[in-house]
Structures are given as structure tokens and as C-alpha cells.
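Here's the structure we're looking at; comments come further down.
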Amino acid sequence: MTADPRAEPRTGRLTAWLRDNGVYAAVAVLVGYNLLFSANFATWGNLGTQVVQVAPVLIVALGMALVIGTEGVDLSVGSVMAVAAAILPLYLGYGFVPAVGLALVAGALCGALNGTLVAVVGIQPIVATLALLVGGRGLALVFADGQLTDIRNDDLLALGSGELLGIPTIGWIAAVLAVAVWLVVRYTTFGRQLVAVGGNRSASALAGLPVRRVLLTTYVISGVLAAVAGILATARLTASDPSAIGTLYELSAITAVVVGGTPLSGGRVRILGTVAGAVLMQLITATLIKHNLPDSTAQIVQAAIILVAVHLQRGSR
Amino acid sequence: MEPVLAATAVSKRFPGVVALSEVDLTLHGGEVHALVGENGAGKSTLIKVLTGVYTPDTGELTYLGETTGFGRPADAQNAGISTVYQEVNLVGQQSVASNLFLGREPRTRWGLLDFRAMNRRAADLLAGYGIRVDVTRPLRTLGMGVQQMVALARAADTRARVVILDEPTSSLEPREVDTLFTVVERLRADGVAVLYVSHRLDELYRICDQVTVLRDGRVVHSGPLAGLPRLGLVAMMLGRDLEEVRRDGATKFEGEHTAERAEPVLTATGLTVKHRLDGVDLAVRPGEIVGLGGLLGAGRSETAMAIAGALPLDSGEVTVEGTRLRTGSVAAAMRAGVVLLPEDRKADGILPDLSVRENIVLAALPRLSAAGLVSRRRQDSIVDTFVRRLRIKAASPDQRVGELSGGNQQKVLLARLLCLEPRLLLLDEPTRGIDVGAKAEVQALVDELARDGLGVVLISSEFDEVVEGSDTIVVLRDGAVTARLTGEDVTEAALLAALAEEGPA
Amino acid sequence: MTSATETSAETRTTETRTERLAGLVQRRGSIVVLALVVLVSSVSFDSFATLDNARNIAIQSSFLAVVALGMTFVIISGGIDLSVGSVYALGGVLAAYGIQWGSLVGLALPLVVCGAIGLLNGVLVAYGRLAPFIVTLATLLGARGLLLAITDEGATTRLMPREDWLTHLGQGTFLGLGLPVWITLGLFAVGVVVLGRTRFGHATLAIGGSREAATLMGLPVARDTMLLYLGSGLLAGLAGTLAAAYSASGVTIVGEGLELDAIAAVVIGGTLLTGGVGTVGGTLAGVLLLRVIQNVINQVGTLSTHYQSVVSGAFLAVVVAVQAYLSRAHLRGRRR
């Protein structure tokens, strides 16, 4: 039986424009507003603060954007950050490189677990990654014995507080990763296959794409990026705090991705939009704080922005 | 006698398509009315209009003598129009009894569900149709036949005046079909008007009193079924005038290919998938176009999918140039040079948000990459070649495929397959839903490919396309091969006769 | 009708043993595991099988259980409600905030506000056709913002007067068990009846099983979906109120991540996240299992308390993997 031709939902031109460019416009408006009305906004000091605050969220959001591009979601990122943070002090005795390397491997393993549950066992991403969200933080606390550990390794501390050309090192790392992920999405076989699998899994399978491998790899990348964020946040904090680090990062990351125009229905990954989404959320908080409006207002505004963003996307397909 | 439900001059258009045009349909109580037509004839749309899913643009519905317009499916149901869909639309995890009574469960004095009464009534109801099952079992643990019967019993029990059966037998075993027919006969005896949609001619002639034939959204025939010859019915469904059959067709196929009597490029033997394929054998030589004939649901698409590795086989084997293929793997089939153009372009083919370039190179990506990096230059040269060769009309290779016309989307999909340098091309409805010009181009292209030595399997619900395009036609019915037409026998008349032939009792 | 048709129906109805086992594990697995854990713990730790400890576990379970009850219905319908943790915390704070105008206000305020948030979720999901995941994610943030707004950014913790009857609702006991435990049991009894014995419950199962089929059968899908989220919001608000009464204060930091515990309990209890299958009793077993594991790990003493979430997470992963395996074995069984 044929599917009846159905009227394609026609979104208004304004809606379409807002969906595709709204996040950039909002960032521009907020920056403009702050330049005009906020004291001490356009200073190096403030720029550094903002960059440092947004960088870990942004890095996690990059991986989240890939996962959401496959029509999935990774709730475990915050806990994976904690695992990476907890592993660092255990091995810093052997030096900076082994410790960071092991933390990254741990992130990859977490991602592989998620990916296996999703791609091989066939569990919905939301539950598969929920298990690690619950278990991962416990694991991190077990590694760290529930303790906050001060970081004394100079290399790691330099990573957290260093600057290059006036911009914090953390900011540079986030920027490099954003460019790298953007390049991966655009120019690699894997990136194109990822977008295809997310857009139409049935067509991708019929075109002979390695659907499982693509999904698995995507979750591994998300895990590694979460580990990077965990390492950087720890370095910045000068302490490994597995009980607090990365809490609710999954929400911030999903928000950045969705507000940045990547549809939850998969098939499109907007890295630049994700960067703008993360920046926008940071700017909102910063602006409100600068005007002595409390955190509560920021959260309510963010909630409203998420709803507007998903509403705009609803008509797109 | 006054009709129970009548549609008068109903029209329904969707953007770009007229789905129904001035359709009349009259259902009388105590009659089983067949609704037939090929894909896209407008049957689904008509059913949806009758059941309140769609509102007709013009025309009117008369139900029990009064003009009506059901706003929602629930209104039509409450009024007494029940529908049993092709795919059983019940809730598999819930019990048989629940499915029978969902939304109208018997309740106790306290307003709570009365399971004892529900189970008893469910058992009685089904027993009335000769089915004795444990009604507390989850529905999905039962066979498709019983599930279909439960759907029908639910429809019939809601004091329905009209029951619409949409391909009710497509997944039933012959014995289950018998059971179903006893129920339909009971409905008829009870004075219910039954609208019966099916492609199985044997069934239609067994159970139906009246027939309405739809084609391209119009009624091409309506009247009693008994006196109508099978051949005439099939000809009407397919839109072929019997006189016209002998004349030359209007397709771009040039007929006979120099199919060298070489070894077959593809040999498939005993392809079997439960309920869908029953021991299909097929051989295709290089340069040969083998058409698959058959009405809807005969197993043509399933045959193609099984060969391409997209449908896991219960048994059977596929050999490509003497090497046995691992079945059930699209990637393996592709490596062996067997590629499929899927029937449903939207659902299984295009990635509408991606560009023309990406859609073309999708399957070939690994071959075009070095160290995981896609080589833009090699991509461009391939895309360029095929855009020109297939005359794909796109603003640029960067245009979103979703913005192209149907014909150009189809060419993009063909390009995706051709850049894999295949040896066997499985084409499932390659010209469906594309305009006349693109159709001719696609047909000419297929012809040319076969001349270049490619083996082609062609499925089309367009009659002339199969007949004029194919060197050999394999006719399927109910998942099994019933005839093979070769050489001189590849004519519309012969194919019509093979399709209309009565099935084994 | 002929005898042939009758046998045809009969022969197709033999359920395989695997299928029956799968169903049993699905429905009763959590209770069996709970019983095993309780048994082993009772033998291993003297301090486990005491009346005090049982009371302790019961009261600790009750708040989560009430939240999980609403979540059970939402998940059975094929949805999810991430906002419950925030709504729970908001409920507690509102109770402590409202009680300054009297106990009735203290009870009504959280129910009205939390109900309104649930209703908003429901309307957006049912009528706006937005994804439940993202809608409730937004209200999670919104509810937390609201909470911060009425507590001076979390700086103020309001106390509830000891002698008030609303406080008594949290702290009082009856037959040795805390009142919240009795309230929870009552709510679960109602939940069992609603899910199993009312048209609404039946429709909830059908919507989760197949939304399309439910619509075609003429069930009020949108209305029921909306009511489910309303109920989830109300129950989360009530649980928060009870928790606040129990501790006699509107603690601002509770409830973070509670939605995850609730989802975990529901899934461990045998409710499928894909919808259409689930039991209220299983959820209660799931909640108890989480809390008993927590309790046992505390009993061990030498074990870090953090193993609790490791065990919960591992448990969740195993449960969903087994569920996926069982449902696939099931499908394979049907295809043959």
C-alpha cells in the first residue's frame, strides 16, 4: 500500500530563519547589549573568565552533538568527567602523560560501554547511558575514596591556569577540539556516515554502511571528550573533586546542542551552532549576574529558551 | 435498498497530487464490496476519507441516509464504521480480551474493570467464530491469523454497520484465510456492509459480491463481480485496454538485448522467507533484463531484498558469478557487485537533508577515502561524471536532495549504485512517482546499462514497462514462481493471462 | 465453521517455554532479587534484620517510591519525566514556604504549583507533540529556577513548626511505621487499582504499547497523556512535601538526580522504557531494592558508601540488557 502523499509541514520563513540562525543572532544581541550596558564586559579579565567557564561545557557538548546527530543521547557525560577526574591523582605519581592518558582511556572505555549497549545490545540510548550516569559517579567516588584530592602536578596546573596570547589554555584546547570535530564531521568518511546513519538508518543500512561501528565510535568519542573536559575542569580547580565535578553537565551539553540548532531527530550535526549554543547559555547567565539578577532567573530563562528551540525545530521535519 | 454508506463525487488533493477525483462508492448492507487497484490508485486515501482520517475537498458522504462528515476517526467508529488494517493495529503486549474491549471494557458497580465478565465475553465472542484461545494471553503470543481475527472480532462486535478490511489476508496462512472468510460471511448474513480491499483475485471471486476498480484516483469500473472475467478485471486494474495490448508500447525500452548465452551473473535458488517467499529460483545473465511480474504482495520486492542481503533468508542461496554469497548482509552483496534500488525512495533511499554529492557517494565513501579522509577531488569527479551521464538536474552538487524532483532523486539513487560499478542491478519500481520525461530517461538508461553487460532485475507495477523492458519475465504469486515467460512469450497478453490464472485450490 | 479452522487457531497458541520464562523474569525478577538480597543480608548482618532498620529503610524508600509511582505511569505510556527531581525539591520548599499562612496552604501550595508544572509538561507533550525528554528537561531547569527564586538563591532554608499537623504528617507514626510509609502504601494500592482495574490504566498500557493503535481504537490518547504528566507532577510535589515535613524543613538541595533514581527503580521493577509493559508493584520492589542495597553497603562498614551507585548502575545496565535480550528472543520466536 502506498503511503499517501502528505502535506510537508511548511514552516514560515521567519521560523526557518530563526531555527537556522537564531542562536547566532541571540549571541550577537547579547554581546552588543553587554558592550553597551555592562560595566567591565569588554575586558581581558572578563573574557578569560567567560572562556574558562564555557570551555568544559563546550567540549562535552561537541561529543553530545555527534551523539544527538545519530538520533541518540549521552546522559553519562558528567559521570565520565568524574571518572576521569578521579583517575588523575591516582597516577600523577607516574607523571603527567600517563595520568592524562589513563584518564582518556577510561573515558574511551565508558564510551565503549555505552556504545555497546546501544549499537550491539540494542538498548535505547537514554537508558543505556543512564546506567553509566548512575554508576559512573559512584565508581569515581570509589576510586577517589570519596575524597577531594589536591593537584600538585605542575604540568597539570599549568594546563588549568596557563594562558596563550591572553586567552586561557583551556579556551585554546576547546577551540582546537571544536575545529577538529567540525573537520571530522565534514571531511571524514566516519563523519559523513554518522550523519547518514542519524538521518535515515534504514537507508544507510541498505547502502551498506557499517551502522553499528559508526554508533559505537560516536559514543567512544563522546566518552573521550567528556574525559578531556573532566581533566581540564580538574586542572582549573587545582583539585580532583569527583563528587561535584560535571554534575548536570549532561543537561548543559544537551541544551547547548539543541539551542544550537542540531535536531534531536538526528541527521544533522551543527558544530558551530553548538559552540554558539554553549556561548549563549554562558552569556545569559553572565549578563543576568552582571545585572544582579540571580541564578534562578537564569535557569528559568534557559528553560524557556530550550522550549523555544525545540518548538522551532518541530516544524522542520 | 438504501445504501448504508455512500461516497458521492469525492475528491481529495494533496500538494502536487490529485489522490481522489470524483469518486463514487456505494456500500449496501449484507454485501461484500471489493475495492481493487494497484499502488497509488487511491485506495488508502478513500479508506481514510470513509473513516474520518481525511476530510474530502469536495463531494459528500452519506451514512444511513444522512449527509455526514466525520471529524475524527473516533467519530466514525462511534457511528459504526470499523476498520481492520493490513498491519494488525492492536496492542501486542496486552491480552486478547483487553484488545477486544479496550476503551469499552465492562465495569463493575464500583466503576472498576470487570475482568471476569470481560474474559468470558471475549471467549464467547471468539468461540462464535470458531476460535478457542486463552483470552488472557498477550495478543502477540498468538499467530498472525488469530491476531487478525481478534481485530476483526473487535470491529464486528462494536455494533458496526460498516466493516472495512484492508488487505486482511496478506500475512495469513491458507487455513487462517478460511477462518477469516467464515467471519466475513457471518457479517454479511448479519446485514453488515463489508468493504474488502485485496489483490488476491481468488479471494475476491470467492467472497465478494460487488467490485469497484480504482486507478489513478478515479473509478474505472463499478458493478457486480460475478460476471466479470478475471482477465478483464486485471486489465482494468493495470489500465490496459485489451485491444491496446497488441499495439506497440510507449516506453523507451528497445526490447531484446543481446543476452549472450553466457553463464548467469546471478543464480538464486530456493529463496524462502516465512510468510513472504516460498522457494523462489532466479537466474540473470550478463546483459539480460529479468522482469518480476506479479500483483502487489506477490513477493517481488521481497525477492529483490533477499538477493541484496536486506531481508534475512530462512533458507536458499545466492550465487554471484559462481561464488556463493553470504546472505543477509547488504555490505557483502555490495562487495560482490549486487546492488538494490529500494522501492520506497523516501523511507529507504534518500537522505533528504544531505546534498546531491553526499547522497551519490554515500555507499562508495570507503572507496573514495584515504586514511578515513574523504577525497573531495575523487568525489567531485565521480559526482560530476554521474550528474552528467544521468542528466541530474540540480542547481549544484551541494543542493539538498530533498529539494529535487522525484525523478532527479531517483537518478541520484541510481548514481549511488552505479558508482559502485555493480554487476547486477536490482531495480524496485525505478520509475514510480516520477514525471514522464524522467521516466523515459531512466528507462533508456536501464536499457543502455544492460547493453553494456550489466544484469538487471526489474520490478514495476507499470505493465508496459515490465513487458517491453524485460527479456524474461518471472511471474510470482504468494511468494512463489508460477510462470516464466521468455522470448516470444514476453507479451502483455501472456503476462495478463499468467496473472489472472486461477490459483491452486 | 469447520473443525479445521478450530485446530488452526489452537496450534498457533502454544507459547514457548522461553517466552513464558521471559515474561516471568520481566514481571517478577525484581521481587525475587529483592527477596534474595534481604535474605542474604539478614543472615550476614545482625543489624540488618532488626525492626529499627526495617523502619529506617521503609521511611527512606517512601519519598522515592511516591515519585517513582508517577514515573511508572509515564514510562508505561512510552514517555519520560525528567523534571520530577526538581519538582520534588520545589514541593518541599513550597510546603515550608506556604506553611507560614497555615498548614492547609502548606499542603495546597506545593500541590498546585507542582501540578501546574506537570500540566505544562503534559500539554506540551500531548498537544504540542514535543519530545517528552526535552520538554521535561526544560521544566527541570525551570522548576529549579523557581526553587532558587523563593529561597534567596538557595540561601534560606525555611523550617516547619514542629507541632503543626502537616509536619506531623511527615514525622508521626502509626503502628510503629512512619505516616509517610502508610501514605505511600495507600498511594501504591490506588496505583495498582488504577493501572490494573480502570479504563484509564488500560488506556495507559495501550498508549505505551502502540500509540497509533490506541488512536485508531478511539482511545482519548492526548487527554490521557496529559493527565499522566499532571499526575507525575502532583506525586513529585506530594513526595517533596512529605519529605519536607519529615525533616521539618524545606531543604533546597534535595532532589538533585532523584529523577534518575526514580527511572532506575521503575526500570529495575520490570517496566519497559519502550512503554506498554509494567507494574506498579515492580516499581515498589525496585525502590526497595535500591534502598536496601544502600542500607547493606552502609552495614558492611568497610565498603565505601559510593559502591551503592556503582551497584545501582550495574544493576540497571544488566536489567536493560536482559530485557533487550528477552524481547529479541521473543521476536525471533515469533518469526520462526
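Here the Cβ of each residue, glycine as well, is placed from N, Cα and C on the backbone.
As recorded in TrEMBL, the features of this protein are as follows:
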type	residues	note
TRANSMEM	C:29-45	transmembrane segment
TRANSMEM	C:57-76	transmembrane segment
TRANSMEM	C:106-127	transmembrane segment
TRANSMEM	C:133-151	transmembrane segment
TRANSMEM	C:172-195	transmembrane segment
TRANSMEM	C:226-248	transmembrane segment
TRANSMEM	C:260-293	transmembrane segment
TRANSMEM	C:305-326	transmembrane segment
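For the transmembrane segment (C:172-195), the most Cβ-contacting stretch among C:29-45, C:57-76, C:106-127, C:260-293 is C:57-76 (pairs under 8 Å). Remote same-chain residues near the transmembrane segment (C:29-45) are listed as 268-270, 281-282, 285-286, 288-289, 292-293, 295-296, 299-300, 319, 322 (criterion: CB distance under 8 Å, separation of at least six residues from the stretch ends). Simply put, out of C:106-127, C:260-293, C:305-326, C:260-293 has the most Cβ pairs sitting under 8 Å from the transmembrane segment (C:57-76). Nonlocal intrachain contacts for the transmembrane segment (C:106-127), taken as residues 6+ away from its ends with a CB within less than 8 angstroms of a stretch CB, comprise 79, 81, 83, 87, 90-92, 94-99, 135-136, 139, 142-143, 146, 160, 164, 166, 221-223, 225-234, 236-238, 240-241. Only residues 6 or more beyond the boundaries of the transmembrane segment (C:260-293), in the same chain, are considered here, and those with a CB under 8 A from a CB of the stretch are 26-31, 33-34, 37-38, 41, 57, 60-61, 64-65, 67-69, 71-72, 75-80, 84-85, 188, 191-192, 195-196, 205-210, 308, 311-312, 315-316, 319-320, 323, 327.
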